[in-house]
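A.B. asks: The structure follows.
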Amino acid sequence: MTLWLGLVVLLGSWGLGDWGAEACTCSPSHPQDAFCNSDIVIRAKVVGKKLVKEGPFGTMVYTVKQMKMYRGFTKMPHVQYIHTEASESLCGLKLEVNKYQYLLTGRVYDGKVYTGLCNFVERWDQLTLSQRKGLNYRYHLGCNCKIKSCYYLPCFVTSKNECLWTDMLSNFGYPGYQSKHYACIRQKGGYCSWYRGWGSPDKTTINATDP
């Protein structure tokens with residue numbers, strides 16, 4: 001068993017493409033949770049790849065050109081390589097070389113960055129404006145909040161620091177509107193609520209923008 005295979009259950013975040021691939025099962029996660037629970041969050045372009053003999057199917061090592069870092073300054077201020085399982089059945093991630101810029105999240109172990117299908121990984125041009133703003137300054141404001149998933153009605157928040165995430169109830173499925181356009185932000189009195197405004201969160205208007 002490779003390091004990544006042993007860790008994949010712990011890294012349940014938003015995946016790229018078919019996050020329900022054979023033998024790879026990931027729990028849905030709001031991008032904010034994925035951001036807050038990752039060691040590394042960067043925008044980068046893949047410029048090379050190499051298969052190394054680690055684990056039963058090998059490990060794919062992507063060489064990346066880092067464009068911007070959003071999280072991980074103290075862990076690894078500059079990322080040059082991204083490691084993932086070579087097999088998609090083990091949640092290995094397939095990225096295009098010299099084609100797209102990606103938003104990449106991952107964990108750092110023994111000085112290496114690991115990611116996979118269960119992480120928040122997406123082409124940069126596929127992110128919404130709200131998600132990009134979340135990465136720049138909103139998501140980190142809500143890392144002390146808890147996003148509570150709702151799969152079946154009725155659903156309720158049980159503490160003041162929770163935001164109820166209902167994307168999975170939609171006929172359109174996941175990821176949904178809250179994933180694409182909202183951040184869960186702590187407001188006055190310690191309460192957390194959804195925010196979707198264009199400017200900096202304002203304590204007098206956050207409640208009015210609940211979904």
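Just so you know, glycine gets a Cβ as well, placed from its N, Cα and C.
Taken from TrEMBL, the feature Zn(2+) binding site applies to Cys24. TrEMBL lists Cys24-Cys91, Cys26-Cys118, Cys36-Cys143, Cys145-Cys192, Cys150-Cys155, Cys163-Cys184 with the feature disulfide bond. The domain 'NTR' annotation in TrEMBL covers 24-143. As annotated by TrEMBL, signal peptide applies to 1-23.
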A.B. asks: Just to be sure I understand, if DSSP states are collapsed into helix, strand and coil, how many residues of the domain 'NTR' (24-143) fall in each?
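C.D. replies: Summed over the domain 'NTR' (24-143), the classes give 26 helix, 45 strand, 49 coil.
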A.B. asks: Using a Cβ-Cβ cut-off under 8 angstroms and a sequence gap of six or more, which residues of the chain neighbour Cys150 (disulfide bond)?
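C.D. replies: Leu164, Trp165, Thr166, Met168, Leu169 - these are the non-local Cβ neighbours of Cys150 (disulfide bond), listed in sequence order.
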A.B. asks: Only counting partners 6 or more residues apart, tell me which same-chain residues put their Cβ under 8 Å from the Cβ of Cys192 (disulfide bond).
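C.D. replies: Expected: Gly142, Asn144, Cys145, Lys146, Lys160, Asn161, Glu162, Cys163, Cys184, Ile185, Arg186.
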A.B. asks: Do you know offhand how many angstrom separate Cys143 (disulfide bond) and Cys24 (Zn(2+) binding site) by C-alpha?
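C.D. replies: That comes out at 27 Å between the alpha carbons.
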A.B. asks: By CA distance, which of the recorded positions (Cys24, Cys26, Cys91, Cys118, Cys155) lies nearest to Cys36 (disulfide bond)?
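C.D. replies: Minimum Cα distance from Cys36 (disulfide bond) across Cys24, Cys26, Cys91, Cys118, Cys155 lands on Cys118.
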A.B. asks: For a quick check of packing: other C-beta atoms within 10 Å of the C-beta of Cys26 (disulfide bond), how many?
C.D. replies: 20
A.B. asks: Quick one: of Cys36, Cys184, which of the disulfide-bonded residues has the smallest count of other CB atoms within 10 A?
C.D. replies: Cys36
A.B. asks: Within 10 Å of Cys91 (disulfide bond) by C-alpha distance: pick out those among the recorded positions Cys24, Cys26, Cys155, and say none if nothing qualifies.
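C.D. replies: So the list reads Cys24, Cys26.
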A.B. asks: Find the shortest Cα-Cα separation between Cys155 (disulfide bond) and the recorded positions Cys24, Cys26, Cys118, and name the residue that gives it.
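C.D. replies: Closest by Cα distance to Cys155 (disulfide bond) among the recorded positions Cys24, Cys26, Cys118: Cys26.
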